[in-house]
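To start, the structure itself, in structure tokens.
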């Protein structure tokens, strides 16, 4: 569900009139192809996942972990998230080409072939799992492999296309980096790790439902049964509010599990604003007024960033 759109490569980029023109064309094509492969990894999603990983590692360690371990997890986690996204693009190439939001991605524009995308995704997945297995531990590597397989084979290939609860069931994948980061440090999973996992898990519904509201017609055109596409406004509002409240409540459950006021106070404040924005959106939607769902979408990103920044700061103090 990346917001990234890509500019297609010109159909004449690789054609040549003469030897010199052909060489220049190929040289110009290389950056575009590299950019296309990078776009397949959905860098913005990778960035958001890493925002949750490092603070979880810091809390698990009780401070800043060894820099080499942080580097390994960041590289391995980035490759894993990128692999999952590339394979997602490969599986979803049929629906991406009919959605306005995604039709300029590399596969619909034929900038990258499906075969090459599949190979690229599998290579990234193999390297990421191997890296974590060699330099961290079996639990972190196993969680990474499980997250990739679940996201692509269970969520993308099956649940996304068949159930209105697709966002809920896919939420475990988005929250997995918290567990992976924690496991890389300790080799186990403590209650605090599961609490932070819960925050990210529940957060994804009030984060992604507004996106689906904005692109409702796009998802309908592709036949994807996102909740805002097929359910009533009342049902969508109820789920946004229930999961927004669960997100904030679980974030407070994490407070006594090794965190202090440096975490708790900012979390209370930003949580209150997050809930206010969720209620505003739902109130306007229920009245049939014009809504700006992306306001909650962006606010939810701010919320998660502040909460995990507070986790990191608390772990350092």
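The backbone N, Cα and C atoms fix where each Cβ goes, glycine too.
Positions annotated as region 'Disordered' by Swiss-Prot: 1-21.
According to Swiss-Prot, the feature transmembrane segment maps to 45-65 (among others), an assignment based on sequence analysis.
What Swiss-Prot lists as transmembrane segment is 67-87 (among others), and the listing cites sequence analysis. Non-local neighbours of the transmembrane segment (67-87) in the same chain are 2, 40-42, 45-46, 49-50, 53-54, 57, 117-118, 120-125, 127-129, 131-132, 135-136, 140, 144, 147-148, 151-152, 156, 173, 177, 180-181, 184-185; each lies 6+ residues outside the stretch with a CB under 8 Å from one of its CB atoms.
Residues or ranges marked as transmembrane segment in Swiss-Prot: 116-136 (among others).
Same-chain neighbours of the transmembrane segment (139-159): 73, 76-77, 80, 83-84, 87-88, 91-92, 125, 128-130, 132-133, 165-166, 169-170, 172-173, 176-177, 179-180, 183-184, 187-189, counting only residues six or more beyond its ends whose CB sits under 8 Å from a CB of the stretch. Residues or ranges marked as transmembrane segment by Swiss-Prot on the basis of sequence analysis: 139-159 (among others).
Taken from Swiss-Prot, the feature transmembrane segment applies to 182-202 (among others).
What Swiss-Prot records for 240-260 (among others) is transmembrane segment, and it gives sequence analysis as the kind of evidence.
The transmembrane segment annotation in Swiss-Prot covers 262-282 (among others).
What Swiss-Prot lists as transmembrane segment is 297-317 (among others).
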(request) For the transmembrane segment (182-202) and the transmembrane segment (262-282), check the count of CB pairs under 8 Å (sequence separation 6 or more) and say whether it reaches 3 or more. (result) no
(request) State the non-local partners of the transmembrane segment (297-317) in its own chain: residues 6+ outside its ends, Cβ under 8 Å from one of its Cβ atoms. (result) 48, 51-52, 54-56, 58-59, 61-64, 196, 199-200, 203, 206-208, 210-211, 214, 247, 251, 259-260, 262-263, 266-267, 270-271, 273-274, 277
(request) State the non-local partners of the transmembrane segment (262-282) in its own chain: residues 6+ outside its ends, Cβ under 8 Å from one of its Cβ atoms. (result) 206, 210, 237, 240-241, 244-245, 247-248, 251-252, 254-255, 291-293, 295-296, 299-300, 302-303, 306-307, 309-311, 313-314, 317
